[in-house]
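Annotated domain 'Kazal-like' per Swiss-Prot: 3-51, in sequence order. Among the features that Swiss-Prot reports, disulfide bond is placed at CYS5-CYS35, CYS13-CYS32, CYS21-CYS51. The N-linked glycosylation site annotation in Swiss-Prot covers ASN42.
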Amino acid sequence: VTVDCSGYPKPDCTLESFPLCGSDNQTYSNKCAFCNAAVERNVTLRHLGEC
């Protein structure tokens with residue numbers, strides 16, 4: 001599973017809840033929060049859902 005993070009980082013994310021687990025073992029609340037971290041800190045997707 002991959003997530004398209006083109007167009008990120010974004011200054012504001014919605015409060016939409018769609019958890020994603022990052023390679024840093026942190027649960028991100030949604031795609032926007034995950035993609036901001038992916039772009040800024042080179043985090044990759046571990047799996048969909050909470051870590």
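Positions of Cβ are set from backbone N, Cα and C atoms, glycine also.
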Within the domain 'Kazal-like' (3-51), residues counted as helix, strand or coil by DSSP: 11 helix, 9 strand, 29 coil
Candidate with the highest Cβ count within 10 Å, taken from the disulfide-bonded residues CYS21, CYS35: CYS35
CB within-chain contacts under 8 A for CYS32 (disulfide bond), separation at least 6: TYR8, LYS10, CYS13, THR14, GLU16
Proximal residue to CYS21 (disulfide bond) among recorded positions CYS5, CYS35, ASN42 (C-alpha distance): CYS35
Spatial separation of ASN42 (N-linked glycosylation site) from CYS5 (disulfide bond) - C-alpha basis, Å: 11
Spatial separation of CYS51 (disulfide bond) from CYS35 (disulfide bond) - C-alpha basis, Å: 16
Mean predicted confidence [pLDDT] for the domain 'Kazal-like' (3-51): 96
Inter-residue Cα distance where the pair is ASN42 (N-linked glycosylation site) and CYS51 (disulfide bond), in Å: 17
Those residues of the chain, 6+ apart, with a Cβ under 8 Å from that of ASN42 (N-linked glycosylation site): none
Which of CYS5, CYS51, the listed disulfide-bonded residues, has fewest other Cβ atoms within 10 Å: CYS51
